[in-house]
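J.: This structure is in structure tokens; I'll ask about it shortly.
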Amino acid sequence: MAAEQSAEHFRGQARLPGFAAPRRYDLRLTPDLAACTFAGSVSVSVDVAAPTRFLVVNAADLDVSPGDVHFAPKGSGQVLLPVEVTSALEDEILIIRFNEVLPLGEGTLVIAFQGTLNDKMKGFYRSVYELNGEKKNMAVTQFEPADARRCFPCWDEPSFKAVFKITLEVPCETVALSNMPVVEEKVNGPTKTVYFQESPIMSTYLVAVIVGMFDYVEAFTADGTSVRVYTQVGKSAQGKFALEVAVKTLILFKEYFAVPYPLPKMDMIAIPDFASGAMENYELAHQWFGNLVTMEWWTHLWLNEGFATWVSYLAADRFFPEWNVWIQFLEESTTGFRLDALAGSHPIEVDVNHVDEIDEIFDAISYRKGAAVIRMLQSYLGAEIFQKSLAAYIKRFAYSNAKTEDLWAALEEGSGEPVKTLMHSWTKQQGYPVVSVKLKDGKLELEQTQFLSSGSEGVGQWVVPITLCCCSYSVQQKFLFRGKQDDFNLSGLVECQKKDDFWIKLNVDQTGFYRVSYDEELASRLRHAVETNILSAADRYGVLDDTYALCMAGKQKLVTLLHLIAAYKNETEYTVLAHAINTSLSIYEMMAVAAPEELVNMKKFLIDFLEPFAQRVGWDAKSGEGHLNALLRGTLLSALAELGHQSTIDEAVRRFNVFLEDRETPLLPPDVRKAAYVALMQTVNKSNKSGYESLLKIYRETDLSQEKVRVLGSLASSPDPDVVREALNFLLSSEVRNQDCIFVLRGVTAAAHEVAWTWLKENWDYIAETFTGHLLTYFITVTVSPLATDEKGDEAEEFFKSRTKASIARTVKQSIERVRIKAKWVMSTKGEADLGNVLKELAHKH
């Protein structure tokens with residue numbers, strides 16, 4: 001029992017002890033924006049549920065003196081002082097020991113503390129902005145997953161929900177924001193005390209505090225909820241689109257989940273230094289899945305992130321049907337597929353045994369695979385049943401915590417289907433199947449094996465919701481494939497097979513999270529169905545994505561994939577064509593290592609394939625064209641520039657030179673600017689760096705973050721390794737915000753991957769010290785994964801052997817595995833005897 005334990009017992013534990021839990025926090029913070037420090041005090045109403053002489057809370061990077069801590073049991077009139085307050089740095093906990101056993105029931109724990117407004121973009125940190133030409137600091141919080149403890153001592157786990165009453169003491173001229181509206185402000189000379197309304201019950205990671213200078217735009221929902229978008233001073237007009245979408249979204253989600261938004265206001269704010277894509281304290285997509293119903297522990301993170309990803313597409317499709325977002329969603333699935341095809345992947349429900357492991361699971365499995373599996377289940381159960389069951393789940397667990405099993409129970413209850421049995425194989429084990437299809441004597445022969453990009457055979461087995469169309473989308477067959485292999489007699493199959501244009505497609509519209517491998521005859525017929533545009537856009541995407549994955553795993557020949565790409569010459573859908581372009585560039589990159597002698601023909605084939613599309617969309621927007629055309633234009637022109645297409649480069653440089661003199665010229669609108677910058681960088685080398693210098697000039701002169709990001713994403717795309725190295729050094733300079741470094745790394749092209757790897761090794765100590773969380777893991781993923789020889793894989797293994805910590809271990813392992821997979825693909829490509837002839841034929845034909 002806790003009354004007899006020593007302080008040592010609490011060290012090295014994955015989670016806090018359960019003998020005491022918070023009910024209410026009264027938090028007061030006083031940030032000093034000039035000195036970048038803060039002082040604070042927290043008074044926590046605590047429920048002591050079992051006899052204990054200890055209270056254990058999370059705290060990190062905070063100064064707490066034993067004299068600043070006391071506990072008052074409710075109604076006793078006593079104030080108990082601790083005999084010892086121990087800070088366990090590795091565990092990020094504060095162990096408070098009292099002489100006597102604490103009375104059961106309610107009491108108040110009071111702690112005063114001090115901290116630093118750090119520059120790590122986590123906890124309570126500082127972000128730098130400019131106001132009237134002067135640099136200023138704002139104070140910002142980012143607490144997910146486990147950094148509230150860097151702002152105030154607390155029970156920093158999602159299941160310890162409580163209410164929060166927040167008070168801030170800040171400079172008079174600043175705007176102070178928190179989760180709830182302001183109820184009172186008291187001015188006291190140069191400072192003011194801002195009192196916020198008490199929050200609903202919520203987890204610590206959702207607490208938000210922001211202090212700085214902002215403008216805002218505001219609107220209201222029909223039921224009176226205030227919605228504001230806060231921006232830097234003078235930029236509020238840039239918040240209008242976000243405001244419009246936010247108001248619509250709150251109304252949509254209220255209807256969809258049949259639960260109203262529970263706060264009186266919702267603020268969205270743009271922060272200059274921010275490591276994540278966004279944070280949901282409180283935010284639209286997460287409000288119902290995450291904030292209202294919260295995962296019990298980080299193992300169930302996907303309940304937050306997978307659902308938020310899926311539901312954001314649901315909203316975008318409702319408001320902007322012309323964007324075809326469910327086709328674009330397939331890019332999310334592909335990212336999930338690629339990570340989950342590694343032996344070093346993890347199940348959707350992943351064990352988390354230490355706080356250092358949490359950051360790495362904010363990845364494509366929790367977000368992308370999570371969302372794809374939800375879409376698969378919605379498709380299987382039907383949209384209406386799915387929606388009603390979700391609403392029941394939200395009502396049941398509102399202001400509480402849930403596990404994955406709780407969701408399955410609600411969906412099973414609502415649908416009458418064996419959801420738990422079906423879904424366990426998708427969330428409890430890592431990976432996914434490839435279903436092999438053969439047609440024999442009018443029967444469909446199916447076999448499933450775990451798909452791994454290495455070509456190895458995995459041991460996983462799934463309950464697969466198969467959907468199938470034959471020759472037409474008018475009739476769709478559905479069944480569950482539970483075994484390792486099975487034969488299916490399907491109605492209409494024999495008749496359909498007699499048709500000249502016979503084809504069969506599994507995983508209709510790509511709603512399932514599995515790949516399909518067809519025998520040679522079926523694959524050939526699908527290629528014809530692609531060429532004649534009979535298949536849906538989602539299925540055209542799926543056929544290409546599956547073939548590419550199977551080719552990389554050594555299960556299909558590269559020449560088969562190249563013939564398939566050629567079949568997309570009449571493609572009309574942006575997402576499908578963009579995928580064909582990215583697949584082609586990936587093959588080109590691999591062939592630079594595997595078959596450099598074939599690059600001339602490969603380049604000719606790709607340029608001939610892309611040129612007709614580029615001629616159709618041109619450089620200039622057409623009257624009345626859609627959003628997707630604008631996206632396609634930039635993607636096509638960038639690809640042609642990277643391939644060294646001279647007329648594209650010449651036209652880009654001509655337009656860029658006009659833009660350099662006149663930033664308002666219609667010749668270079670934002671949609672094609674990145675393509676022009678990439679094209680310009682193809683002309684840059686160490687003896688002629690004028691293009692590079694011109695881009696830096698634009699970077700330094702603009703105050704638009706989108707423009708800065710466009711420039712950063714282009715700087716490392718020069719074919720000259722010396723220029724690439726200079727761009728990489730620039731990303732570590734004080735001119736580039738830490739969260740923007742990833743854009744430079746992402747812009748490194750095939751010719752410079754080894755340069756980037758050498759640069760990473762040389763600068764590792766500084767990078768590992770400066771960057772944390774997923775920013776640090778991104779450096780590893782983007783720099784190591786593109787390497788394509790076993791020699792480089794060995795180098796990476798050796799380098800990280802003595803440099804791997806728990807927070808990057810999974811990423812290092814996955815990145816090295818990707819190098820091994822590419823090296824294997826290189827070797828299998830070298831073994832394709834007919835590759836040269838096929839490329840000559842394709843280059844000549846196009």
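Cβ atoms here come from the backbone N, Cα and C positions, even for glycine.
Unlike curated entries, TrEMBL annotations are predicted automatically.
Features from TrEMBL:
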DOMAIN    22-206  domain 'Aminopeptidase N-like N-terminal'
DOMAIN    241-282  domain 'Peptidase M1 membrane alanine aminopeptidase'
ACT_SITE  Glu283  active site, proton acceptor
DOMAIN    283-426  domain 'Peptidase M1 membrane alanine aminopeptidase'
BINDING   His286, Glu305  Zn(2+) binding site
SITE      Tyr367  site 'Transition state stabilizer'
DOMAIN    503-820  domain 'ERAP1-like C-terminal'
J.: Are there any residues in the same chain, six or more apart in sequence, whose C-beta is under 8 angstroms from the C-beta of Glu305 (Zn(2+) binding site), and if so which?
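T.: Once residues fewer than 6 apart are set aside, Glu305 (Zn(2+) binding site) is near Phe362, Ser366, Tyr367, Gly370.
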J.: Please average pLDDT over the domain 'Aminopeptidase N-like N-terminal' (22-206) for the predicted structure.
T.: 96
J.: Among all the protein chains here, how many other CB atoms are within 10 A of the CB of Tyr367 (site 'Transition state stabilizer')?
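T.: Taking every protein chain into account, the count is 23.
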J.: Counting every protein chain present, what is the number of Cβ atoms, excluding its own, within 10 Å of the Cβ of His286 (Zn(2+) binding site)?
T.: 23
J.: Which residues in the same chain, at least 6 apart in sequence, have a Cβ under 8 Å from the Cβ of Glu283 (active site, proton acceptor)?
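T.: The answer is Met268, Asn291.
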